Structures are given as structure tokens and as C-alpha cells.
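Copied from Swiss-Prot, the annotated features are:
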- 15-27: compositional bias 'Low complexity' (COMPBIAS)
- 185-208: compositional bias 'Basic and acidic residues' (COMPBIAS)
- 209-230: compositional bias 'Acidic residues' (COMPBIAS)
- 341-360: compositional bias 'Acidic residues' (COMPBIAS)
- 361-383: compositional bias 'Basic and acidic residues' (COMPBIAS)
- 506-516: compositional bias 'Basic and acidic residues' (COMPBIAS)
- 549-564: compositional bias 'Basic and acidic residues' (COMPBIAS)
- 580-593: compositional bias 'Basic and acidic residues' (COMPBIAS)
- 606-615: compositional bias 'Low complexity' (COMPBIAS)
- K12: SUMO2 cross-link (CROSSLNK)
- K70: SUMO2 cross-link (CROSSLNK)
- K186: SUMO2 cross-link (CROSSLNK)
- K536: SUMO2 cross-link (CROSSLNK)
- S25: phosphoserine (MOD_RES)
- S73: phosphoserine (MOD_RES)
- S209: phosphoserine (MOD_RES)
- S210: phosphoserine (MOD_RES)
- T408: phosphothreonine (MOD_RES)
- S410: phosphoserine (MOD_RES)
- S563: phosphoserine (MOD_RES)
- S615: phosphoserine (MOD_RES)
- 15-43: region 'Disordered' (REGION)
- 182-233: region 'Disordered' (REGION)
- 332-400: region 'Disordered' (REGION)
- 430-454: region 'Disordered' (REGION)
- 467-615: region 'Disordered' (REGION)
- 155-158: motif 'WLDD motif' (MOTIF)
Amino acid sequence: MAAVRGLRVSVKAEAPAGPALGLPSPEVESGLERGEPEPMEVEEGELEIVPVRRSLKELLPDTSRRYENKAGSFITGIDVTSKEAIEKKEQRAKRFHFRAEVNLAQRNVALDRDMMKKAIPKVRLETIYICGVDEMSTQDIFSYFKEYPPAHIEWLDDTSCNVVWLDEMTATRALINMSSLPAQDKMRSRDASEDKSSEKNKKDKQEDSSDDDETEEGEVEDENSSDVELDTLSQVEEESLLRNDLRPANKLAKGNRLFMRFATKDDKKELGAARRSQYYMKYGNPNYGGMKGILSNSWKRRYHSRRIQRDVIKKRALIGDDVGLTSYKHRHSGLVNVPEEPIEEEEEEEEEEEDQDMDADDRVVVEYHEELPGLKQPRERSLSRRSSASSSDSDEMDYDLELKMISTPSPKKSMKMTMYADEVESQLKSIRNPMRADSISTSNIKNRIGNKLPPEKFADVRHLLDEKRQHSCPRPAVSSTKPDIRQRLGKRPYSPEKAFSSNQVVRREPSSDVHSRLGVPRQDVKGLYSDTRERKSGGLWTRLGSTPKTKEKNTKKVDHRASGAEEDDSELQRAWGALIKEKEESRQKKSRLDSLPSLQIEVSRESSSGSEAES
């Protein structure tokens, strides 16, 4: 195997002049003199240090957004501030005997740009930095520099921006002619200007008093060429420019006092400036439908998603129904059958996450290239306070990729090749799902009603009646958990049978008597209703039984009849006749019960308790 050579790259912020110009450093020269091995002679496993001397800020991408001037920019073309251009202008004026009025706003200034670049290493001579533009829009700034139309504007924040021209000469003229010295430097420059004006007046008087020969028309004296006066910058003003001080503007803009200077490479927009913008909170953000106030990141995401869906519909309308989209092969593949026209938009940055925010300045309305001209005009009229501009490539979101992901089917949703086992499994799942639903429903019903206890065996009623007739102990029930009905329903408070066992079963009586159904023996009706007042309601009392007062009367009457029976044999015979009749009736009832089928009664505690709770 070939030997692998490791590399170690070190990035340093500052670089000396030698390596930047491509010259060998003294360390490298000393190493070559000592005879160190060349890179091809490095042994296996050793590391070779390769220094890369570049500034870290140069590696960062440029996220600034440019707002183009639709009215068109102005280019001077030639350096009118150079000494040669000024001399030619003065010679032309003297040749045609023309003396222009002094215009302080349009001065011909000779500025040494090489000296400016040495004094300010990161200066951008084609760009002017302006601050104090709090209530100004992009169009307001373009109209402010209408004498020197700029190419575009780079917004930094609500109060400052960079105005960019296509050449350095126009930017220099705009800075010098549209601004003045600071207030501190004006006092210093006054004395120098007075001395200069006095010297100029003396020279003019000397020229008028001289009796030299007149020159022919179109000729210029060689001696006067050396006496041409150039409107050079004063020493104070030149020092102020070299320090790159803020110069106050000559005129106000919408009541704002502007200050300007040459821009540098450090004048860049900070991340999140659009989110902190008070201008958007007051006047609305055009990139989000003119919404005013604080816009949350979730609201921005929803706005982006709605806009993407709208763009997808527009793209499909451009593509046509007959042109089909190819299959989605890869997530990061390019668009297919979609116009390669970028949709200008800004990126969003999460405050807690490391996503890019709508960082670029949104003071203008973003245009859609698919819009018709008839639709663009009312949009521009309604939102004319911010002019539209094109953004840089680094500031645009990858909308083409998002359109591709939305308009084409996802690989998860696409049909795949399946086997018979997969079909069987899907059928089993479809069968199991309703079974699970049924089991869940039955479990819920059981929880509501309660689990059903195992069925219990009950004794036959006929056997119970036989045992009662023979005065024998009744057979106990199979389950001890089921109590007697009388025990659950309660015993009559005034029942004559005090010592009746709870386990005994009642003898079946006619259904007309309620007390006989509850286990109370039937009493003689004739003896109970001897009173005429009681006989009126005898039909009801035969069913319900006698009251406690009637019971006391009955007992007294029975005692009285017993004592009377000893005296009167007729009464005794009547009593025996009644007993015989009662036995016969009981036998008849027994025969009737024997002919009836077996009857079983099942009453659970839970059902009775549930019925009581419902009542």
C-alpha cells in the first residue's frame, strides 16, 4: 500500500506581507538551507504542517442584500477629480474666455485615493455610509442622491445603510459635494480659507496691471499654464477624510439630519436585525403581507408554507397537465420540468436554534416573477413606500428544492413491490383490529356492570313445601353467598312470627295476600272484620293484613272465644269445622302445586343493590 501522508492545516487571522505576496518566509529559507526533507520525502505516519494565512472574516459568506435603483445609476466614466482633468478644464475655460461662477456644491477636488487606501485599509471608496435614516425608505434615499444616482443600497439597520455606486469617482464627488466638514474642523479651516483668498486677490490684481501682448484666439500662453489654480482640499479637510470622520449633510431629508462617510468592510448587517426592527413593527413588514407588530417564528413558518403552496400551484400551471413529473429519486436532486427561475425570499432564523432569520432588510416588497404586469402595478401602488429590489444569492432560500419535495410524491407514499406474505399480514391486521375493538367494548361493559358470578343451584319449591309440612328442617341452599329474600327485603316491623328462622322458606299462599307472600301466615278474615266500619274496607285489608290495633283486638277476641267454647259446645264445633276446612284447602293447594312445573328464583345482591341505587 502507498504511504499515507497526514496534513495539518492551521488558519491564522493575520498574515505577514511576505507570504501574502508569495515570497518565501525566513523560516522556510532556513529550513531549506539545513536540508530538511521535501514534502515528497516525508516518512509514513508523519504530519506535514501546511499554513493557510487568511482572515476568518473573509471565510464568512456575504449575507448583505442589495436594493437596486430602478431609475438607473450614474457613472462618471473619467476621474474628474484628478489633477490632469482639472488642468484640462481650466485650459478649456481660458481658451474660450469663459469664467464659471463659483459653485460650492460642485467643486472640482483633487483627492489622492492611494493615500486614502493606505490610511484606511478596509475602505470602500465606491460606497458611502449614511446614518440617521430612521423614517426614510429606500426610495427616499434614492431621491436624496438624485444628482448622483447610486446603483443600489445595502440596509444595515433602522438608522444606517450603505449607498453603493459603480465607480469610486462618483462616490467621492457625492461625499465631498453633499456634505461638509464637522463643526470642530470648520473653525480650523476658516483661517486657512481667508489666507488663501487674500493671496488669490493679490495675484488677480497683478494680472490686470500687466501690459503683456494679447494672445491670438485659440492660443494659450505657456507661462499661464503653470499659474493654473486647482481647487485642492484644504489640509484640515484632507485630514478629516483620512480619519474617515462623519460629515454632516448639507440638506435635511424628511426632517432628519444625516451624517455620511466612506464605508468600510466592517459595515455589515448583524444577524437578526430584521427581527429587531422597529420600523417593521410600526409600518409593517412587506415580506409578510404588511403585518405590523411582533411576528413570531411559528407565524413566519406558517406564512412560508402558505406561500410555498401558492407557488406550487403557479408552477403546476406553468408546467401543464400533459407534462408529468418524473419520480422522486433523491431528496436533494434538482427540479424536473420546473422553470429554473429563483423565487426571491429571505431565510428565517430561530432564536434558540441555529436557523437563519429573515435577516436581510425587508423594507421593500418582494416581487414574484410569475405575476402578470397588470397584477404588479396595483401591488406596487399599494406598497409604494418601499421599492422592490433583488436580493443576493446567499440570501435566498432554496425554494426550488422545497417545491420539488412538495410537487413530487414522497418515497414513503409510493407503491412498492409486495409479496403474498405482506398481503396476508395486512389481512390479519384488519381482522385483529375489530377484535381488539370488541374486546375493549366488552371490558368496558364488564367494568360498568360487574363480573357475573357463577350460577347457583336452588332447591325446588315443592320440596321446601313438603319439608315445611312435615315440620322438618329445610335443606340449606347450595351457595351461602345468596341470602334469603326476606333477609334482603327486611322483615315486617309488626310481624306476629317473632321466632321465625331466616333460613326457612315460606309456604306459598294466594297472590291476593301480600303478607302471605312475604312469609306471614294468613289470618281469619271473619274474625278480623267483626266491626262494621272495618268491613267497609275489608277487600284492601284482606290483601294487606291487619294493623297492630286490630291484632290486639283479635287476640282479645280469640281469648274470649276460647273461654266461651268451654261454656258453649256449639262454638267448639264451629272451630273444628273451620280447621277441617283449612286442612282441605291446604291439600287442594298442595295438589295444585304438585301439578305446577319446577320453579327456580335467582336474585343476586349486585342486581338488587344496583336497582336500589338507580331508584
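Cβ coordinates come from backbone N, Cα and C, glycine included.
Mean model confidence of the motif 'WLDD motif' (155-158) amounts to 89 (pLDDT, 0 to 100 scale). According to DSSP, K70 (SUMO2 cross-link) is assigned to coil rather than to any helix or strand. Cβ-based neighbour count (10 Å, all protein chains) for K70 (SUMO2 cross-link) stands at 10.
DSSP labels the residues of the motif 'WLDD motif' (155-158) in these numbers: 0 helix, 1 strand, 3 coil. Helix first, then strand, then coil: DSSP counts for the compositional bias 'Basic and acidic residues' (580-593) stand at 14 helix, 0 strand, 0 coil.
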